[in-house]
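For reference, Swiss-Prot has these:
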- 13, 97, 195: [4Fe-4S] cluster binding site (BINDING)
- 42, 75, 125, 223, 224, 225, 267: isopentenyl diphosphate binding site (BINDING)
- 42, 75, 125, 165, 223, 224, 225, 267: (2E)-4-hydroxy-3-methylbut-2-enyl diphosphate binding site (BINDING)
- 42, 75, 125, 223, 224, 225, 267: dimethylallyl diphosphate binding site (BINDING)
- 127: active site, proton donor (ACT_SITE)
């Protein structure tokens with residue numbers, strides 16, 4: 001019988017849960033409005049629900065009245081934003097994911113030691129902007145192998161590299177291999193900069209790909225890790241669609257006769273996954289459902305001390 005294979009883990013990671021709870025608890029404790037620098041996570045459903053509860057999402061701290069509370073999103077901010085918040089008398093609450101903070105700390109430490117840092121990631125992504133702000137004169141962002149080949153450093157230069165936490169492990173591995181080929185002495189953190197949740201979700205998806213011929217990645221188009229999941233499937237020759245609403249699950253699926261895989265980005269609520277699953281079952285009523293467990297997750301991050 002044709003079946004749906006549900007990846008596990010999928011959806012919310014510990015950093016996203018912490019960020020969302022930070023906004024919710026702040027609203028309960030201090031009431032509305034609570035200002036949030038950038039979307040707390042990259043998912044429209046999450047942001048809309050928090051906005052209804054009284055969160056105000058802003059990009060410019062000038063929009064925040066003096067002496068108000070402002071939450072920094074899970075993606076992190078550059079030091080200049082923290083400084084501006086302090087100058088304006090804002091009460092800052094940091095919802096930056098701990099794994100992003102780890103990368104910030106490493107960049108600061110190695111920049112102080114005189115290393116030039118190669119930062120692998122999407123240069124316009126808010127996480128990369130935040131990390132780069134730690135040492136802008138000592139950081140070079142690379143997005144692909146061509147940019148590695150264009151780097152001006154010698155093999156003897158002191159170099160350190162880190163990656164955006166939500167990258168495709170496939171792409172990151174290719175870029176790192178190119179870096180090490182040019183700069184054999186370059187090194188990184190003992191553990192990967194790519195976060196556990198990104199690795200687990202990509203691993204869970206890779207695990208089911210030999211069994212399916214179509215994949216739905218439930219996630220927002222702005223979500224880096226959701227887009228990387230789609231690319232993981234496509235790189236292995238499996239058709240994949242990134243959808244964020246049941247209406248985007250269309251009759252296109254009727255063109256495919258094999259099993260269907262479903263996963264979700266780390267900022268995707270489970271109720272959106274279930275709504276998309278129900279729509280799929282309406283289109284193909286005789287589908288059975290199978291859960292494929294890749295690894296159990298038990299990571300929990302504590303809320304900011306202010307809460």
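Even glycines carry a Cβ here, placed using N, Cα and C.
Taking the features listed in Swiss-Prot, we show where each one sits on the structure.
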| residue | record | contacts (Cβ under 8 Å, 6+ apart) |
| --- | --- | --- |
| 13 | [4Fe-4S] cluster binding site | 195, 196, 197, 266, 297, 299 |
| 75 | isopentenyl diphosphate binding site | 38, 96, 97, 100, 125, 126, 127, 130 |
| 165 | (2E)-4-hydroxy-3-methylbut-2-enyl diphosphate binding site | 97, 99, 100, 103, 127, 193, 194, 195, 198 |
| 223 | isopentenyl diphosphate binding site | 41, 42, 43, 265, 266, 267, 268 |
| 224 | isopentenyl diphosphate binding site | 42, 122, 125, 127, 164, 166, 167 |
| 225 | isopentenyl diphosphate binding site | 166, 197, 198, 201, 219, 265, 266, 267 |
For residue 42 (isopentenyl diphosphate binding site), name the DSSP secondary structure in the helix/strand/coil scheme. coil
Check the DSSP secondary structure of residue 224 (isopentenyl diphosphate binding site), expressed as helix, strand or coil. helix
Within 10 angstroms of the C-beta of residue 267 (isopentenyl diphosphate binding site), what count of other C-beta atoms is obtained when all protein chains are considered? 30
Using DSSP and three states only, what is residue 127 (active site, proton donor)? helix
Around the [4Fe-4S] cluster site (13, 97, 195), what further same-chain residues have their C-beta within 8 angstroms of the site's C-beta centre? 14, 15, 16, 74, 98, 99, 100, 165, 166, 196, 197, 198, 266
Find the longest CA to CA distance in the recorded (2E)-4-hydroxy-3-methylbut-2-enyl diphosphate-binding set 42, 75, 125, 165, 223, 224, 225, 267; express it in Å as a whole number. 15
Other residues with Cβ within 8 Å of the Cβ centroid of 42, 75, 125, 165, 223, 224, 225, 267 at the (2E)-4-hydroxy-3-methylbut-2-enyl diphosphate site? 41, 127, 166, 222, 226, 265, 266
